[in-house]
Amino acid sequence: MTKKIQVGLIFGGNSSEYEVSIVSGHNIYKAIDKDKFDVHPIWITNEGYFASEEESFKVLEDPSYQVENPHKVNNISNIIELKNLPEIDVFFPIVHGNLGEDGVLQGLFRLMNKPFVGDDVLAAAATMDKEFTKILAQRVGVPVADWISIKRFEYDDKNNDKLNYEKVAEKLGHDMFVKPSNQGSSVGVNHVTNAEEYAAALEEAFKYDDKVLVEETVPGTEVETAVLGNDKPIVAGVGQITNAKGSFYTYENKYDDNSTSKLQIPADLPQDIVDTVRENARKVYEITECSGMARIDSMLTPDGKVVLTEVNALPGFTNISMYPKLFEEAGIPYTELITRLIQAGMDRFDHKKTLLHKHD
């Protein structure tokens, strides 16, 4: 009998996307091929505590479960030891948001010399920062929404022109979006059309990050595609999102099973538009050096222009998440998708072992 691969499934975390991570972890655990993998859940509570494996299993069964015996992680050695767990062959992090998909957790895995699913350190950090993603996308000719960035020190200077709605509107128009540069799932994002809304949106966004982006509003329909793999990635088809409320795709729209947003897979679009969405996704995936997986989001304008909005290098695996749905439509069912993601992480690790790290 082939020995099963021991998977450390890490979920939760001190993040604004904690609930999404719990649901994603639950779904991955239910769908993973139990004939190939033994799963060892590692639950990080929203307060930053590590729960026991027993309690981690409980929250996978019931996402509302509260930890009874948390272990506060005071230093890195406590995490690296991962006491009371068997030897982990590969980690599957599904910790969304800050510390989970920004390169921090990935760096820890590198220190531990363990394979892991998803982006390596550089790509995780670059795609978490929306401004860096835009700069890299422009490098390969992929259109992005025009923007300005505001750092914390600029926000603290109340005479800074970037805080003046009318002056910013001269560049971006009066219809804008304000968003934290290093958050996902529309957390802290607001649509503004006047000075009062602008001031309130900046205050809200700076609760989540020390850098905030102000973007022009790009009219149109949100379209998404999904990418799987390392050096020769597979790009899935294209999905289309329609929000019945007539507003942008909010955190609740993305993850609530009762969301009013409608997901159409495949999108009812001309083939040339589909080809552009997919080719742009491939270009962005490669220039950001993504590996494993990513969901690439864009806006399709009324005149047929495809404008990149976000690279989500650790997409959700909730009941309504677009990433697994797009690959299911492409002929890769949920269980096989998880297997391929794990294999991609292990393949990258095996390759890195062949590289020299010192001069002979």
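Any Cβ shown, glycine's included, is placed from N, Cα and C.
Small disclaimer: the values here were computed from a predicted structure and weren't measured.
Swiss-Prot annotations:
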type: DOMAIN; residues: 134-343; note: domain 'ATP-grasp'
type: BINDING; residues: 169-224; note: ATP binding site
type: BINDING; residues: D297, E310; note: Mg(2+) 1 binding site
type: BINDING; residues: E310, N312; note: Mg(2+) 2 binding site
Counting other Cβ atoms within 10 Å of each residue's Cβ, which of the binding-site residues Q183, N190, N312 comes out lowest?
N190
Express the distance between the Cα positions of E204 (ATP binding site) and E310 (Mg(2+) 1 binding site) as a whole number of Å.
20
For E197 (ATP binding site), nearby residues of its own chain (Cβ under 8 Å, 6 or more apart in sequence):
N190, H191
Please compare the binding-site residues M176, V218 by how many other CB atoms fall within 10 Å of each one's CB, and tell me which has the fewest.
V218
Could you tell me which of these binding-site residues, E204, D297, E310, has the fewest other Cβ atoms within 10 Å of its Cβ?
E204
How big is the gap, in Å, between the Cα of V218 (ATP binding site) and that of E310 (Mg(2+) 1 binding site), rounded to a whole number?
13
Candidate binding-site residues A169, Q183, K211, N312, pick with smallest Cα gap to D297 (Mg(2+) 1 binding site):
N312
